[in-house]
Every structure is written in structure tokens, then in C-alpha cells.
Amino acid sequence: MEFSVKSGSPEKQRSACIVVGVFEPRRLSPIAEQLDKISDGYISALLRRGELEGKVGQTLLLHHVPNILSERILLIGCGKERELDERQYKQVIQKTINTLNDTGSMEAVCFLTELHVKGRNTYWKVRQAVETAKETLYTFDQLKSNKTEPRRPLRKMVFNVPTRRELTSGERAIQHGLAIASGIKAAKDLGNMPPNICNAAYLASQARQLADAFSTNTVTRVIGEQQMKELGMHAYLAVGHGSQNESLMSVIEYKGNPNKDAKPIVLVGKGLTFDSGGISIKPAEGMDEMKYDMCGAATVYGVMRVVAELQLPLNVVGVLAGCENMPGGRAYRPGDILTTMSGQTVEVLNTDAEGRLVLCDALTYVERFEPELVIDIATLTGACVVALGNHLTGLMSNHNPLAHELIGASEQAGDRAWRLPLGEEYYEQLDSNFADMANIGGRAGGAITAGCFLSRFTRKYSWAHLDIAGTAWRSGKNKGATGRPVALLSQFLLNRAGLNGDD
């Protein structure tokens, strides 16, 4: 799908469709008022007859409006004008895209980017429109025999901006939006792949392909089980012992900073390509969704794609910690004591608390990069879903400025996170009679004790942990990976690169 920006009057547009907003109760937006005036009150007359109230997502498609050059006008309800916020704006864009795609409008000029969204500028509105459009049209049908496609799908969208001065900002928003949407799609595609295809070797192949595509400043190294053993990554290795598939850690290094020696930002993604729970096996119901336990690694892959496509002036390292947790004769057991790469020992009380065992060794491994900061991303705990539901990503950090940066980026990107505490009281729940710590701390505060566990392996750098167990995928009728938090982390890196889109 092609996107562009322009600045022009609605009555002069010669297009298959013009999209304008209507507020409650039956109030025309400024652009709709212009069209109404040109058409001698045609639109307002329809509204007076009750054709459209203006509630969020309501639509009315008009054909051959008098004195208008475009074939059709799509009126879209935007709710109450003063209440139009980020969430409603994206809902309106989503409904617009679906309506245009379903009604055979192959191209359209959209004036919704001129609506006032409190605290948001043209860059934000255009970028969110691009990302939302791509999200709305996303399908995962690679493995289906019969693929369905609209007879006349939407192929071109032009976003109108109020003044010519804002064209540059709009064009930059499209560039960033397309790159982020591409990263989100890449993460979703990986997440949606079945575990018989997407194993640690598949993740490694994708990481290598990314480096090949951006070979001027990107390289990928893959660390196998023999090298992990030599490095002392016994916690990581233990998790994969029950699987026929080799554990592989893919390390993607991108050097975009003119100062090649600048300390990198490191992203570490949990990549459990299937999590049966191991010996502490999960219930059968919903176990198919445990293919999504690699969405942390998928996020890192998607973000690295965004970084490379935009050629951000940063040094960034992405780690995909690939592994599979299966029961078997070689599987690790409750009661085992593992020596981690850091030298700390862990008593295994539950083999289904495996993600932290993979991550703790990966977090120790990345010390060699002398990182500016490290962020790990993991579908780590069901407790985080209980605490925050499916709307907010859980955030924990040992560094307040980093936590504040990430929360700010999450608000900018519309990919929200919420900070949880790391208090000494929670650390005590991890005490073990037989090792330095246990791998679980009981039911109470489970998301926090998991973060506390990881923090014991991050004392040499600034660190943040994103628990995406509630936000990485949807269940039910619309089951599928969401691609979160690619947008959050991409925004964080754009901000770090000084490309945050502020006018």
C-alpha cells in the first residue's frame, strides 16, 4: 500500500474517495463544513435527517455529491470533538481503512489527519495513521491453501495536512511509520509461525537474513550449545535439555553511530519457541498459544529491522535467546540446582518458570558489550496479565531515568507500559535453603519477583525489563501476535537518536 502527504482544499481533490470527520451530535468537522458549503448544504441536510449521529466508528458513504470532483465522500464518526483522544483517533482510522477496503475504494484522500487530537502534532497523527492502516490490513495466511483478498483492495492513501509547512513533517512521519509497521509485521509473522517451523534455528536464519540485507553495518553471530557450555551458560542450556531442537542464541550487531566505539544499547528477547512447561507441564487448554512464548525475541528482531531500515545513528545489539522447553528423559527437573554464567546458583522449584533461566545467562553474556543500557523483553509471567490485563506492558528497572524514558516513549507511541516496583521485600521471596536463590517466589507478586530474579544478573549496567505476557498476543476469535512492544522500543530509539518527530 502506498502512502503520501499533500496540502490542499477538499473540493479540489479528484479522487475515488475523500474521507472527512463528523462529531457528535451531527456536527461537521471544519473540512466537512467546507464540502457542505460547496455542495449547497447537501451533507448537513443528510445529517438533519438522522443519517449519521457522529458516534465513533459510524460511517456514511456518499456518492456523486453535487459540485464535488471526487466520486465519493466517506463521513466517519469521531465522537465528541473535545473527547477525541489517541485511542479514539486510531479507532477512527481503523474503521476508515476497513470501510475503504471493503467498498472497493482503491485510493482515497484522508483529511482525518487535520482533526485536533489533544497534545498531538501532525507528525504523530500521520505516523499513527500509517501504522494503524498497516495493522488493520495485516493478515497471516502464508500457510493457508485458499487466500482471500478483496476484489478491489485499497492501494493508495493520501493524508492531507493543514499547511505546506507541515509537508516535511508528514513525509518524515510516513517514513518512520512504514519502518515501524514493517518491524511490527516482522514480529507478528514470527510470533504467528507454528512451533514446528519456528524453532531456534528458524530464528537464527531470520537474524542472518537481516544481517545479509543490511550488510554494510549489521552482522549476526549464532551461539550454539557447545559454545554456551564453554561459556558456562548452564541455566540457559538446562531449559532446552528436553527438546530435540538445539538451543541457539542469535546476536545481531548494528553499528550506525559515527563513533563505532560508542557504547551500544542492548535488547535481549526471550525466545521460547514453544513452552510446554517441561516436567511441570502446563494444562492442555490453551497450550497451543505457548508458541507465542518467543514474542520477546520476535520483538527484538522487529526493532532491529526498524533500526536498520531507518539507519539510526546508534549502536544497537539485539539478542534472540532461542530455546524450547519440553519434557523428556534429559529434561531438567524440579529440585535441580543450576550454576548460571554469573556463578550464582539457582534452585529449580518449577520448570515452567524457564524464561528467567534463559534470560539470566543472556543478560550476563551481554556484559561483554559494555552496554550503555540493557532492556530485556519477555512473555515472562501470567502474574503480569493478572496485574495489568492485556492493555499495559509491565515495566521494571534498576535505573529511574531509563524507566521514565521508556514510559514516555510508550505514551508517545500509543504502546503503553506501566512501572512495577522492585522492593527488597520481594527479593526475600526468592530465598532458597539450598542455592543462592530459587527460580520462583510464590504466587504473590509473581511478576515482580520474576523481575527481582532478573535484576540479580544486571548489576553491572542500567537495565529495564518489559513483561509482555499480557500484550504480545490476543486469544479468542482474533487470535494472533500483536507485534507489541515494537512501537514502544522503536520510539525509545528514535528519541535516543534525536528523531522524535517534534515540530
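Cβ atoms are placed via backbone N, Cα and C, with glycine included.
Given the structure is predicted, the values throughout are model-derived calculations rather than measurements.
According to Swiss-Prot, the Mn(2+) 2 binding site annotation covers Lys270, Asp275, Asp293, Glu354, on the basis of sequence analysis. Summarising the annotation, Swiss-Prot assigns Mn(2+) 1 binding site to Asp275, Asp352, Glu354. Look at Swiss-Prot and you will find Lys282, Arg356 tagged as active site, backed by sequence analysis.
Shown here: features listed in Swiss-Prot, placed on the structure.
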| residue | record | DSSP (3 states) |
| --- | --- | --- |
| Lys270 | Mn(2+) 2 binding site | strand |
| Asp275 | Mn(2+) 2 binding site | strand |
| Lys282 | active site | coil |
| Asp293 | Mn(2+) 2 binding site | helix |
| Asp352 | Mn(2+) 1 binding site | coil |
Binding-site residues: Asp275, Asp352 - member with fewest neighbouring CB atoms within 10 Å: Asp352
Entry from the recorded positions list Lys270, Lys282 having the most other CB atoms no farther than 10 A: Lys270
Candidate nearest Lys270 (Mn(2+) 2 binding site) in space, where candidates are the recorded positions Lys282, Asp352, Arg356 and distance is Cα-Cα: Arg356
Cβ neighbours within the same chain of Glu354 (Mn(2+) 2 binding site) - under 8 Å, at least six residues apart: Val239, Leu272, Asp275, Gly278, Cys323, Asn325
Listed in sequence order, residues not in Lys270, Asp275, Asp293, Glu354 with Cβ within 8 Å of the centre of the Mn(2+) 2 site Cβ atoms: Val239, Gly271, Leu272, Met290, Met294, Cys323, Asn325, Gly355, Val358, Ala378, Thr379
Asp275, Asp352, Glu354 excluded, remaining Cβ within 8 Å of their centroid (Mn(2+) 1): Val239, Leu272, Ser276, Gly277, Gly278, Ser280, Lys282, Met290, Asp293, Asn325, Thr351, Ala353, Gly355
Protein Cβ atoms within 10 Å of Asp293 (Mn(2+) 2 binding site), excluding its own: 28
Distance from Asp293 (Mn(2+) 2 binding site) back to Lys282 (active site), taken between C-alpha atoms, in Å: 13
